[in-house]
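First comes the structure, then the notes that go with it.
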Amino acid sequence: MARLPGLGPRSARRAVLHLMAKRGMLLMPLAEAMAEVARTARDCLNCGNIGTADICPICADEARANGLLCVVEDVADLWAMERSGVFKGRYHVLGGTLSALDGVGPDDLRIPQLARRIEAEAISEIILALGATIDGQTTAHYIADQLEGRVALSSLAQGVPVGGELDYLDDGTITAALNARKRM
Amino acid sequence: MYLSSLTLSHFRSHRLVRLSVDARPVAIFGPNGAGKTNLIEAVSLFSPGRGLRRAAAAEMARRPESLGWKVTGILHGTTTHEIAFSSEGGAARQVEVDGKVASQVGLGRIARVVWLIPAMDRLWIEGAEGRRRFLDRAVLSLYPDHAQAVLDYEKAMRERNRLLKEQVRDPHWYAALEAQMARSGAAIHANRLAAVDRLTEAQREAETAFPVAELDLTQTEGEMPGSEAGLREALAESRFRDIAAGRTLVGPHRADLHGVFAAKGVPAAECSTGEQKALLISLILANARALAQDESQPPLVLLDEVAAHLDANRRAALYDEICALGAQAWMTGTERSLFDGLGGRAQALEVTEEAGESRVSTVALNP
Ligand SMILES: Nc1ncnc2c1ncn2[C@@H]1O[C@H](COP(=O)(O)OP(=O)(O)O)[C@@H](O)[C@H]1O
Ligand SMILES: [Mg+2]
Ligand SMILES: [Zn+2]
């Protein structure tokens, strides 16, 4: 437990002791639920979202095929966008950002799949919702460079703090950044 | 801008020092190795970066304990802040402003510190890197946003250099990084040009005993494109050459600062040791004057062993100019008598060392 992000040894100990004290009420149902998730969890083959089927509920929902595609770094960002509830289109989860120093190249991200989705899903606009870090902006630039002329491209408006990830933003900020997105 | 209190805990040779000072200059004297430079190094931390020795946080921890260290001060500028720096167990330095963790870039918006140290004595005759760093410190004090531009540029360049070393050929990847480098690089270049102008102007306007240094921003090799688009193009054109070299050959990281002793028309590198030092003092004073004008308050000024190279007349002139500026200048020297001309216009600290521990006491200067 202590190896989980956000949990230090002390909070991990407290959580474990709590689970042990409530074995029937908490530990068993949690253990069963986790076993179930471990068996069924997978990345959506289309967008990279995490779900329990090959195609995630968002990709399976025809109502969300409105021609808009929002590109995010990771699933936490997708969830942050979903929490705000303003975006009605589909997502594409890259699984990170380009960084030669960290050994992450275009082939390690879902960039080729992104290009294929433009025709397959009749995408009219791609919204790049990547962090304002150098790696995030380099990735945005890279994608824009590759897809230029094939689809309209936009990026989230400023207001996203430098080095900030979507997951840290409140819903209002995300809504404002989406509504004021800029054409690239 | 001045510090009213400064506390050093387990910082280099200082175990625990609590100082109360006022806005006047601070004369620090004591024998070699007593801990004078260590003291003003602590003050240099108030400026973004690694301080005047450019040391890692771990090096600053008092030996032999090497547990960690903390420096706290109350800084009075347009606003007053308690600023704390600390490092534990060799970890990177942490900055807190009024109890909240702050970034280096944020710190740069609050505190302005300029300095001259003996290591700069050979600045004009050694490599371009030292002159670039000297200039960037001035730029940073005048334009705090320079820090972010430099961080962005260096990060993007490290990424690009890795592509070059691994001989990656993907042109889109290069283009994406070069776009970032061009944006931050053009900002860096513009800031430096503006700072050179500002320093030149501040020297011309001042009544000073120190010689005017004529400055020119140059490149160690080739040309620096004047615009973002130009830099982007130059980087793209340079890819083949850069792959062969394994690093980026064009850009503001290859800038140099050319100085000329204006009155004689002699390049700084060919001036006498004393003249070279005088030119640096002239620039530091100009920097402080420019800040006093633009920000309506002078920066903290750190002058390590500055009196050593100056004859009595020049020394008196330096003290007069610092007092006229109203800067809290932290100056070190080995003898109390080096500060004789200051009298009541400054406060003084005597630093001694006993069994590897520095002692600092408040004393009076000779009248
Ligand atoms: N991390 C450290 N822990 C303890 N002592 C240190 C540390 N770093 C430097 N020193 C000691 O500080 C002394 C130098 O102090 P310094 O401030 O440079 O002297 P000066 O008064 O001549 O300017 C040296 O004796 C050196 O060994
Ligand atoms: Mg010294
Ligand atoms: Zn999906």
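Glycine is no exception: its Cβ is also placed from the backbone N, Cα and C atoms.
Taken from TrEMBL as is:
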DOMAIN    B:5-98  domain 'Rad50/SbcC-type AAA'
BINDING   B:GLY30, B:PRO31, B:ASN32, B:GLY33, B:ALA34, B:GLY35, B:LYS36, B:THR37  ATP binding site
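Around the Cβ of B:GLY30 (ATP binding site), a 10 Å sphere holds 23 further Cβ atoms from the protein chains shown. For the domain 'Rad50/SbcC-type AAA' (B:5-98), the DSSP counts in helix, strand and coil order read 13 helix, 41 strand, 40 coil.
In sequence order, B:VAL351, B:THR352, B:GLU353, B:SER358 constitute the residues six or more apart from B:ALA34 (ATP binding site) in its chain with CB-CB distances below 8 Å.
Mean model confidence of the domain 'Rad50/SbcC-type AAA' (B:5-98) amounts to 96 (pLDDT, 0 to 100 scale). Among the binding-site residues B:PRO31, B:ASN32, B:GLY33, B:GLY35, B:LYS36, B:THR37, the ones whose Cβ sits under 6 Å from an atom of ligand 2 are, in sequence order, B:LYS36, B:THR37.
Counting every protein chain shown, the number of other Cβ atoms lying within 10 Å of the Cβ of B:THR37 (ATP binding site) is 22.
Cβ neighbour count within 10 Å across all protein chains ranks B:LYS36 highest among the binding-site residues B:GLY35, B:LYS36.
Cβ proximity to the ATP site centre (mean Cβ of B:GLY30, B:PRO31, B:ASN32, B:GLY33, B:ALA34, B:GLY35, B:LYS36, B:THR37, cutoff 8 Å) flags the following additional same-chain residues: B:THR332, B:THR334, B:VAL351, B:THR352, B:GLU353, B:SER358.
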